[in-house]
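TrEMBL has this to say about the protein:
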- 127-161: repeat 'PPR' (REPEAT)
- 228-262: repeat 'PPR' (REPEAT)
- 329-363: repeat 'PPR' (REPEAT)
- 467-501: repeat 'PPR' (REPEAT)
- 545-637: domain 'DYW' (DOMAIN)
Amino acid sequence: MLPSILSKSRNEPLLARDRRRLCRLLCSSLRTATDLQLTNAAAAASSPPSSNSHIASSPNSYHHYTSVLQSCVASRSLGTGRQLHGRLLVSGLGPDTVLATKLVDLYAACGLVGHARRLFDGMPKRNVFLWNVLIRAYARDGPHEVAIQLYRGMVDYGVEPDNFTYPLALKACAALLDLETGREVHERVLGTHWGEDMFVCAGLVDMYAKCGCVDDARAVFDRIRVRDSVVWNSMIAAYGQNGRPMEALSLCRDMAANGVGPTIATLVSTISAAADAAALPRGRELHGFGWRRGFDRQDKLKTSLVDMYAKSGWVQVARVLFEQLMKRELVSWNAMICGYGMHGHFDEALKLFNKMRVEAQVTPDNITFVGVLSACNHGGMVKEAKEFFGLMVDVYSIKPTVQHFTCLVDVLGHAGRFEEAYDLIKGMPMQPDSGIWGALLNGCKIHKNVELGELALQKLIELEPEDAGNYVLLSNIYAQSGKWEKAARVRKLMTNRGLKKIIGCSWIELKGKTHGFLVGDASHPRSAEIYEELERLEGLMSDAGYMPDTMPVFHDVGDDEKRNMMRSHSERLAIAFGLISTPSGTKLLVTKNLRVCEDCHVVIKLISQIVQREIIIRDVNRYHHFVNGECSCKDYW
């Protein structure tokens, strides 16, 4: 009988040592249980067994059962555990609290939460461990609401939560973005001695971070006297997840200064922050640190580096690391495909997408298609974008998100296909957000479609009445069309509403220090040298036939004043500083908070040819790789 019991296990084969131990324990238990059943049959028939009667009469049998069940839990041996469950019911030990608790633990660990819950509901006595087992199962697998219900039920039942309960309840709150319940749990924690427990505090930090309350998370973090890597990692991730990457990088330095060694989780969170901040030098330092610590075989770390290098403009390095992965999970494919998409490398993104589906047999998800559609958008591939959108919906049954619709509206707007774009917006199953209308408005600017641009702005004002950028964009559309009165009217409306145009800013990081520049900036210590370098380059460009294009200056002023305004755009200042501060041939990465204007785009192409350097500009829309007088965007952005 025993071999058949073990062969019916639906889990992976046990290690030989664990299998032999299970066989030995289970054989002994079954023999003892059979003897027990024969000697106590009359008693079992006349009255229901108590949870302690058989323990007293057969301690050896009880010990064997507990040992076997513990082994089943440790090895996730569901088949053996279910057979033993049946034997317990026959022998009369089923109602025992300790044994039933182990069965609940086994079923919960193996994903049979419904079985675990039925056992739990039938138990008259429930200790804190039993409550934690079931709360953990729901906090992990959902429904998360049930985990919170159980937490409340535990308190009502009179069982005091411990340092295992609180992190589980907080995890469920984080998954539901239930800040109110999270604060309720926090308040209860403060009334106990668990307020100093590092795992509870890490759970609080994570909950507040997931709910977008980073300052609350930091307040919890600052109150912890002794912090291990778990707490530090939680706070670093909190900054990274909430768009505050520089603070995440700073906190990582503080962690090292406090003598706490970074872990894989630390490096993954910090590298992701470096990617979001376009802090390539810091990312490269973390790369080297990880390799020196012997983490070079960790695929999780390599995947974060793939994402970081792709977002920092070094897509070729990202691909090298991608090829070194021992096992390519969906997240690594997505990081590489989205990286190609951000850079407009449509061909490479498509090749990798096909390789993922056909060779690797990895099923794409909605993030994959965001990357593919982004590549189509940045490459001006309207037909392909529509085909991939259809593939996503019809073949993979993926419900389109606003991001997918935004990519499609953007590529249609760029191509001047406004009727299709507007019909797509009207047919969306969800309400269009500001990204959708912004994409349409940008297309209207490119093609000077004043009428539809006015409609898009009206929708944007309803959604974002305080965003000055929307008004500026429409004003620029009017200016492009020579409608200076309307342009002035829009700008007056901005003034009346107290709205100010976002000032263009560019920054470049050199030797671990970030240097920022505004338009016309003269505050940098090397400002005189920067403007001298710009004047030198302008002379060389004039010799090559360059004539400034003042069209992007949407002000009704003279051409000379327009040319002076163009010369000191922030990205030009950052590039000039990079040129005089680095050796010949060094690649430059400049980040800008607005879209690169048409004239600057022409100028940077010429500069890349004159100085024979690769210059990468990461603007608000995309990456531009300038090499030898050409840009990766093919003048389409």
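Easy rule for this one: first residue shown is 1, then count along the chain.
Glycine residues also receive a Cβ, built from the backbone N, Cα and C atoms like all the rest.
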Residue distribution over DSSP helix, strand and coil in the domain 'DYW' (545-637): 35 helix, 16 strand, 42 coil
Reported mean pLDDT - the repeat 'PPR' (127-161): 90
Three-state composition of the repeat 'PPR' (228-262), taking helix and strand from DSSP: 26 helix, 0 strand, 9 coil
Counts by DSSP class (helix H/G/I, strand E/B, coil) across the repeat 'PPR' (467-501): 26 helix, 0 strand, 9 coil
Counts by DSSP class (helix H/G/I, strand E/B, coil) across the repeat 'PPR' (127-161): 28 helix, 0 strand, 7 coil
Secondary structure tally of the repeat 'PPR' (329-363) (DSSP, helix then strand then coil): 28 helix, 0 strand, 7 coil
